[in-house]
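Participant: My structure is below; once you've seen it, I'll send some questions.
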Amino acid sequence: MPPMLWLLLHFAAPALGFYFSISCPSGKQCQQALLSGNDILLYCNSSGAHWYYLFTQGKKGRLTSLTNISNMEIMPEGSLLIKDPLPSQTGLYHCWNKNGRQVVQYEIDFQDVTTLHITHKDLGQRPLQNETLHLGSKQLIFTWWEPWQDCNRCEEPGECKRLGYRYIEEPLEEAMPCWLYLGEVLVWSSRLRPELQVEACHVQCTNNTQLRVDYVIFDNFRLDEKTEFVWLDCPLGSMYRPVNWRANDTPLTWESQLSGQDFTTFLDPSTGGRQLQVFQPAVYKCFVQQELVAQFKPAASLETLEAQWRENDAQWREARKALRGRADSVLKGLKLVLLVVTVLALLGALLKCIHPSPGRRSTQVLVVK
């Protein structure tokens with residue numbers, strides 16, 4: 001992606017204003033599976049809060065004050081923003097208020113989004129099956145599905161998606177997100193993968209899902225000369241929100257991509273379609289929660305500018321010819337009017353000589369020889 005476009009896009013999202021967040025009741029401990037590579041806000045309503053963490057993968061450690069991790073930021077109101085989280089950052093996150101009392105505790109499993117298994121129900125594609133793991137006793141590996149997200153379009157056919165996380169359950173115990181359960185145990189399985197499932201939808205429009213934000217226009221994207229493609233990034237788009245792209249007002253769908261019908265664009269599964277790879281110039285629009293948030297116009301190429309200049313020059317020449325023709329017609333018309341006025345003036349003078357004005361008597365002289 002061109003540096004300037006990347007910069008604009010990444011400054012646009014904070015300006016527009018919010019990240020997807022999860023919350024936990026004050027004083028409680030909450031367990032949650034999420035996806036790596038997708039920004040998340042861990043809510044803690046305590047101004048001046050301090051955060052402590054313990055990553056559970058790798059060697060044992062202890063709670064450490066969160067001060068210098070590059071992709072984490074404590075927000076003014078106390079919440080913790082984690083940008084592009086890594087699978088290795090799976091672990092415990094504690095929020096303490098400025099008086100040294102724990103406010104909330106999160107146990108987060110950042111499951112590896114690069115191994116995402118994506119399926120479309122309308123194409124007959126099947127999600128991952130359950131599997132048995134043997135670690136001293138039998139553990140069941142299964143997918144825990146989140147509710148379906150809202151349809152990404154309304155009043156016309158759209159698509160909706162849902163996320164699935166791999167959980168492990170053993171007899172008489174509650175199920176846990178797999179990597180929180182495994183901790184330091186190194187296990188490989190082709191079924192220890194998060195899932196994304198898509199299906200068609202058709203709903204009426206409501207105001208309940210709208211973001212109510214102004215949209216942004218970017219009008220200078222170019223395809224890379226070497227790779228011949230560019231990545232577009234939809235502000236406010238997220239794996240956790242419904243996203244929809246259109247190319248010249250034609251919807252881009254997961255169904256077309258997963259069935260191999262569309263090779264001009266590529267919706268990135270690891271971002272839930274927030275990022276779009278394009279291989280040809282067009283006007284691209286992205287919608288989040290059914291609302292337009294950004295429009296991308298291609299920068300004009302040198303050939304296009306030259307063609308436009310030639311077209312404008314030809315139009316100017318034609319306009320000048322037409323103007324010159326109209327000017328000649330007007331001049332001829334003026335000459336004709338002037339001739340008519342002159343003739344009428346002469347006729348008027350002649351009539352005055354032939355018929356004197358009433359009330360004035362003429363002197364007549366009779367000559368007799």
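Keep in mind that glycine also has a Cβ here, set from the backbone N, Cα and C atoms.
When I checked Swiss-Prot for this same protein, it listed these features:
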- 1-17: signal peptide (SIGNAL)
- 18-335: topological domain 'Extracellular' (TOPO_DOM)
- Asn45: N-linked glycosylation site (CARBOHYD)
- Asn68: N-linked glycosylation site (CARBOHYD)
- Asn130: N-linked glycosylation site (CARBOHYD)
- 336-356: transmembrane segment (TRANSMEM)
Participant: By the count of other Cβ atoms within 10 Å, pick out the sparsest of the glycosylation sites Asn45, Asn68, Asn130.
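Facilitator: Checked Asn45, Asn68, Asn130; of these glycosylation sites, fewest Cβ neighbours within 10 Å: Asn68.
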Participant: Calculate the distance in Å between the alpha carbons (Cα) of Asn130 (N-linked glycosylation site) and Asn45 (N-linked glycosylation site), and round it to a whole number.
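Facilitator: Cα of Asn130 (N-linked glycosylation site) to Cα of Asn45 (N-linked glycosylation site) measures 38 Å after rounding.
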Participant: Secondary structure at Asn45 (N-linked glycosylation site) (DSSP, helix/strand/coil)?
Facilitator: coil
Participant: To the nearest whole angstrom, state the Cα distance for the pair Asn68 (N-linked glycosylation site) and Asn45 (N-linked glycosylation site).
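Facilitator: Asn45 (N-linked glycosylation site) has its Cα 22 Å from the Cα of Asn68 (N-linked glycosylation site).
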Participant: Can you tell me the three-state DSSP label for Asn68 (N-linked glycosylation site)?
Facilitator: coil
